[in-house]
Amino acid sequence: MQRGVTVWFTGLSGAGKTTVAKWVEAILKERGALVERLDGDVVRQSLTRDLGFSKEDRDKNIEGVTFVTKLLTRNGVVCLSSFISPYRVVREASRREIGEFLEVFVTAPMKTLLERDVKGLYKKAMAGEIQNFTGVNDPYELPENPDPVLHTDRGSVEACAGQVIRLLERRGYLEAAGDGPAVEAGIVSLLAAGRDGVPEAASATLATGDGHAPGGDGGRHPTLGPIEPHGGTEARERAIARAQALVQVELDERELADLEMIGIGALSPLNGSMRKLDYELVVESMRLADGLLWPLPVTLAVTQEQADQIAEGQVYTVPAHERIPS
Ligand SMILES: Nc1ncnc2c1ncn2[C@@H]1O[C@H](COP(=O)(O)OS(=O)(=O)O)[C@@H](OP(=O)(O)O)[C@H]1O
Ligand SMILES: Nc1ncnc2c1ncn2[C@@H]1O[C@H](COP(=O)(O)OP(=O)(O)O)[C@@H](O)[C@H]1O
């Protein structure tokens, strides 16, 4: 069964909670995940229709929603909940109650919100026609450690939704699309290298790198021979056959080393070279899109001609003559 989780979108009215959640919902459905979306506007017309916007009523609203999302979450649903939920302590209580919980802070500057004013509520609140309007005459307490922050004035809806999808993948709630291209490429290239004559010692080192091989020389002795490949011989044959149909990309020494590191998990949670969003965030703020501290970009530099042949996320292989450094 799929692991359930609540993705809690919090932020001011018009920040983009509903818009991003809808995109995430569409992507998740396309990937076959069980998903449910709950939205303040909708829930307030049914489950909590008797509630207003005093602190007490908002707290009751979130309490009711938490009860429902907890049930969905524990039954394997990815629950996308979009509520202003302005009080930190109440959001923390929801996190504790639900357990599998990601807090996504959706934000844009007040200037942008006033320009958007999707429902005309800011205009009314500024004119004093609505009382207790969050961000104008009612408080919003900023999240202290949100999982990601979505700046909807800077990134497109697609990019913001992408940040959430990547987070779900990294936290293990969603299988990565395309089976993790570079990991596969890494395995394929290791296999290709082994088959086409990497010196035996190097080959044995790679093959015994899981620590299973005995011996006072740390399992490096060439006469031990390689162990069964991970996944069995058939998987190896299938991978080799598949590699023949893939686009080949010539890597330099540095990139080949990166590939090996990705393949063995040393650069986890990266499962491929960085995509544009992660690259830009690392250069700008030394963080991946999900907020993880990450000092250096890991990229695959290709010529324009090669780039034209490869789509983002596509699996590639390296030519058989490229060697894994021993
Ligand atoms: N006074 C006041 N303050 C804030 N919001 C107001 C208010 N009055 C009506 N609305 C509309 O109600 C939507 C927010 O409902 P929520 O259930 O998300 O609010 S809360 O979490 O209980 O604070 C919110 O929807 P979104 O714009 O989607 O956030 C508003 O459209
Ligand atoms: N990157 C973005 N992400 C989300 N919404 C955006 C973005 N850029 C512009 N918008 C616009 O901002 C508005 C957000 O409204 P909505 O999703 O209803 O906000 P909320 O649910 O937080 O009240 C929409 O009109 C949407 O088209």
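Quick reminder: no glycine exception, Cβ is built from N, Cα and C everywhere.
Keep in mind that this is a model prediction, so the values were computed, not measured.
The following features are taken from TrEMBL:
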type	residues	note
DOMAIN	3-149	domain 'APS kinase'
BINDING	Gly11, Leu12, Ser13, Gly14, Ala15, Gly16, Lys17, Thr18	ATP binding site
ACT_SITE	Ser85	active site, phosphoserine intermediate
REGION	205-234	region 'Disordered'
DOMAIN	234-315	domain 'ATP-sulfurylase PUA-like'
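For the binding-site residues Leu12, Ala15, Gly16, Lys17, a Cα-Cα cutoff of 10 angstroms around Ser85 (active site, phosphoserine intermediate) retains Leu12.
Neighbouring residues of the recorded ATP site, listed in sequence order and excluding Gly11, Leu12, Ser13, Gly14, Ala15, Gly16, Lys17, Thr18, comprise Phe9, Ser82, Ile84, Val106, Ala108, Leu113, Thr152 (Cβ within 8 Å of the Cβ centroid). Contacts of Thr18 (ATP binding site) defined by a Cβ separation under 8 A and a same-chain sequence distance of 6+ are given as Asp39, Asp41, Ser82, in order along the sequence. Ranking the binding-site residues Gly11, Gly16 by the number of CB atoms within 10 A of their own CB puts Gly11 at the top. Residues Ser13, Ser85, taken from the recorded positions Leu12, Ser13, Ala15, Gly16, Ser85, are distinguished by a CB atom under 6 angstroms from ligand 1. Mean pLDDT of the predicted structure over the domain 'ATP-sulfurylase PUA-like' (234-315): 82. Cβ packing within 10 Å was compared across the binding-site residues Leu12, Ala15, and the lowest neighbour count falls to Leu12.
Under the three-state DSSP scheme, Ala15 (ATP binding site) falls in the coil class.
Here the recorded positions are Ser13, Ser85; the one with the fewest Cβ atoms within 10 Å of its Cβ is Ser13.
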